[in-house]
Amino acid sequence: MKLLLALAGLLAPLAMLQTSNGATPALLGEVENSVVLSCMEEAKQLVDRAYKERRESIKRSLQSGSASPTELLFYFKQPVAGTRTAVRAADYLHVALDLLKRKLQPLWPRPFNVTDVLTPAQLNLLSVSSGCAYQDVRVTCPPNDKYRTITGHCNNRRSPTLGASNRAFVRWLPAEYEDGVSMPFGWTPGVNRNGFKVPLARQVSNAIVRFPNDQLTKDQERALMFMQWGQFLDHDITLTPEPATRFSFFTGLNCETSCLQQPPCFPLKIPPNDPRIKNQKDCIPFFRSCPACTRNNITIRNQINALTSFVDASGVYGSEDPLARKLRNLTNQLGLLAINTRFQDNGRALMPFDSLHDDPCLLTNRSARIPCFLAGDMRSSEMPELTSMHTLFVREHNRLATQLKRLNPRWNGEKLYQEARKIVGAMVQIITYRDYLPLVLGPAAMKKYLPQYRSYNDSVDPRIANVFTNAFRYGHTLIQPFMFRLNNQYRPTGPNPRVPLSKVFFASWRVVLEGGIDPILRGLMATPAKLNRQNQIVVDEIRERLFEQVMRIGLDLPALNMQRSRDHGLPGYNAWRRFCGLPQPSTVGELGTVLKNLELARKLMAQYGTPNNIDIWMGGVSEPLEPNGRVGQLLACLIGTQFRKLRDGDRFWWENPGVFSKQQRQALASISLPRIICDNTGITTVSKNNIFMSNTYPRDFVSCNTLPKLNLTSWKET
């Protein structure tokens, strides 16, 4: 039987068919192709209208100076260029499927998957008409490629899109959505998960994460630079863009001002007796991550990674070709990255300013008129500490390109740029795997998950796993509530040596007008990180006061992490323990044994009812730390597994024979982050040994003169 639908409604009623046992049939009927295409056309109109309303809304807010922090954040997480094209296609597809389901729903009161009424040919028709199909066009790779592509394409010659930008995350376990397709758990009131009520994310944050700031424990064996490298690294490998609209596709509802729940709005509801937010009808705004076009099952929602997955310094160089070109100085043949033409930092380069038509960084200090910086990752102006890291590596690229030009006067600008880029990429890999990851995982987990490098393996999948984007947020447990700035004697400097984090977001002016990056880098080296303890998980500066200074309501980062895991359809705590081959607790006592903390186990069970439902971030950061590591068993497995895949599945990994010569590899082995700081700043005394561990001046510090420089002799062409 054919079921003919018209966009205005049903042409004829359909008798409800049931199988003999009362179950929903696998196939409801067949929809006319014209109806499928009509829904797609309507979807395109709805999506385009919502995108346009968003652009006009934020433009008005920025021009009037009334932009909220969520609007500022949107500027840094909005899909742009190729990402925007990919996201728009996925939005067309998902809205069209939703429209089809809405029109079928009156015919079938039971839950069903819309794909049950579509033929494979019609699913392909949706993929083509949305634009999703065109993201899988065949990539032709050059026969000889000495350098990475900017986009990550062709790293794997057998499967050229693996690890490339603007592709879906890989799922290590199947998605778990409330409806089996796209709706997150917690969306529909009264719908249980594994037989238990889904707790409000804000309620879990209040009950388990909250602690008084004056009880904060400083980490005696980790510098704040340990936290900062984690963020810089994360921004090299993952960016999950938020929707290009803040308005409901179907009703035009503004997600920022309304607490109603309509896609893409998934606001955090406020529990009773909240310590800060007294109006229970209020909410914390939240927007679902952009969907991705997926090749195999086009209906089960996945998310998109806007960046290359490889550890390749894409935060310096970009993950799309137009941005990469924009970041370069193409006025000469010197292979340089572009620098700021208006300001310097004590005679040293700053990054260029972005050319945003309406710049959100201008709003953080209206009299200073300092725009956002332009970098390989759009979040570089999010906080001055992050800006300092980006600036450091732009300077290092230009230093290397200049030295390589002296060694090889005949090299043209392209060759100089690519060779310097290749060295910087290797530096980020070495610092990450030699210095940073062992301090995250601890020696036992490091040996288990990241054994000695053997060789490149083209059967290893280097894509970022969806779960990793949540697991790597363990770094929020390391954050101190202040930005610290120190002078050359490592003493607090300037009128504001200790600025609350809530006052530094998007404040590019603090780098330009308040002393540059040197005091910030000293602060990162000589200040301890926060230690994650089971009763001191995340500071209130980012749990209660995130962006509160210009917003109707402060954001709660831990609660946002939990809501995000539900948005992404991530399985719960025990599913990931099983994935990692770890015991899966089922009772309070068993959970108490795993956590080595019965009181915490009781708190978690009071919220979730079962360990199966504990949000992956909450469960992960609750575990006792691995010996000499800063994560527990589960996060060590997930983080270690991801970074092994990023290493072994990278054809351009710095140790892979043929990437660098043996002599070049020997030279690169001596590089260090302290030496890079010495070479590109006015700092003359830096951390000795591992920069991520040393944190006490003068005990842990040495003169720059004692650190070996990178010898570029083996880059000289004969």
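Every residue gets a Cβ built from N, Cα and C, even glycine.
What Swiss-Prot lists as signal peptide is 1-15.
Residues annotated as N-linked glycosylation site in Swiss-Prot, with sequence analysis given as evidence: Asn113 (among others). The Cβ neighbour count for Asn113 (N-linked glycosylation site), using a 10 Å radius and every protein chain shown, is 17.
Look at Swiss-Prot and you will find Cys141-Cys154 (among others) tagged as disulfide bond, backed by sequence analysis. The Cβ of Cys141 (disulfide bond) lies under 8 Å from the Cβ of His153, Cys154, Arg157, Pro160, each of which sits 6+ residues away along the same chain.
Taken from Swiss-Prot, the feature heme b binding site applies to Asp234, Glu382, Met383, His476. The Cβ of Met383 (heme b binding site) lies under 8 Å from the Cβ of Met483, Leu501, Val504, Phe505, Phe506, Ala507, each of which sits 6+ residues away along the same chain. In the three-state DSSP scheme, Met383 (heme b binding site) falls into the coil class.
Under a cutoff of 8 A between CB atoms, and with a sequence separation of 6+ in the same chain, the neighbours of His235 (active site, proton acceptor) are Leu307, Gly315, Asp377, Arg379, Ser380, Leu386. For His235, the entry in Swiss-Prot reads active site, proton acceptor.
As annotated by Swiss-Prot, Ca(2+) binding site applies to Asp236, Thr308, Phe310, Asp312, Ser314. In this structure, Asp312 (Ca(2+) binding site) belongs to neither helix nor strand by DSSP; it is coil.
The disulfide bond annotation in Swiss-Prot covers Cys255-Cys265 (among others) and is backed by sequence analysis. For Cys265 (disulfide bond), the same-chain residues that are 6 or more apart in sequence and have a Cβ closer than 8 Å to its Cβ are Arg246, Ser248, Leu253, Cys255, Ser258, Pro285, Phe286, Phe287, Arg288.
In the three-state DSSP scheme, Cys283 (disulfide bond) falls into the strand class. The Cβ neighbour count for Cys283 (disulfide bond), using a 10 Å radius over every protein chain in view, is 21. Residues annotated as disulfide bond in Swiss-Prot: Cys259-Cys283 (among others).
The feature cysteine sulfenic acid (-SOH) is assigned by Swiss-Prot to Cys290. Residues within less than 8 Å, Cβ to Cβ, of Cys290 (cysteine sulfenic acid (-SOH)) and separated from it by at least 6 positions along the same chain comprise Pro79, Val87, Ala90, Asp91, Thr240, Pro241, Glu242, Pro243, Ala244, Gln303, Ile304.
Within the same chain, no residue at least six positions away from Asn297 (N-linked glycosylation site) has a Cβ under 8 Å of its Cβ. Annotated N-linked glycosylation site per Swiss-Prot: Asn297 (among others), in sequence order.
The N-linked glycosylation site annotation in Swiss-Prot covers Asn329 (among others) and rests on sequence analysis. The local packing around Asn329 (N-linked glycosylation site), expressed as other Cβ atoms within 10 Å of its Cβ over all shown chains, amounts to 16.
The disulfide bond annotation in Swiss-Prot covers Cys361-Cys372 (among others). Sequence-distant neighbours of Cys361 (disulfide bond): residues of the same chain at least 6 apart with a C-beta under 8 Å from its C-beta are Ile370, Pro371, Cys372, Ser381, Phe506, Ala507, Ser508, Trp509.
In three-state terms derived from DSSP, Asn365 (N-linked glycosylation site) belongs to neither a helical nor a strand segment and is classed as coil. With a 10 A radius on its CB, Asn365 (N-linked glycosylation site) counts 16 other CB atoms from all the protein chains. The N-linked glycosylation site feature in Swiss-Prot is assigned to Asn365 (among others); the stated evidence is sequence analysis.
Among the features that Swiss-Prot reports, site 'Transition state stabilizer' is placed at Arg379, with the record citing sequence analysis.
For Asn457 (among others), the entry in Swiss-Prot reads N-linked glycosylation site. In the three-state DSSP scheme, Asn457 (N-linked glycosylation site) falls into the coil class.
Other C-beta atoms found within 10 angstroms of the C-beta of Cys580 (disulfide bond) number 17, with every protein chain shown included. Sequence annotations record features per position, and here Swiss-Prot assigns disulfide bond to Cys580-Cys637 (among others) based on sequence analysis.
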Env. residues of Ca(2+) site, Cβ within 8 Å of mean position of Asp236, Thr308, Phe310, Asp312, Ser314 Cβ:
Arg148, Gly152, Ile237, Leu307, Ser309, Val311, Ala313, Gly315, Ser319, Gly425
Minimum Cβ neighbour count within 10 Å among the recorded positions Thr308, Ser314, Asn711: which residue?
Asn711
Asn711 (N-linked glycosylation site) as reference: those recorded positions from Asp236, Cys259, Thr308, Ser314, Glu382, Cys704 with C-alpha within 10 Å of it:
none
Please name which of the binding-site residues listed here, Asp236, Asp312, Ser314, Glu382, is nearest in space to Cys259 (disulfide bond), Cα against Cα.
Glu382
Please work out which residue of Arg379, His476 has the most C-beta neighbours within 10 angstroms of its C-beta, and give that one of the recorded positions.
His476
For the disulfide-bonded residues listed here (Cys154, Cys704), which one has the lowest count of neighbouring CB atoms within 10 Å of its own CB?
Cys704
Excluding Asp234, Glu382, Met383, His476, please set out which residues of the same chain place their CB within 8 Å of the center of the CB atoms of the heme b site, keeping sequence order.
Gln231, His235, Arg379, Leu386, Gly475
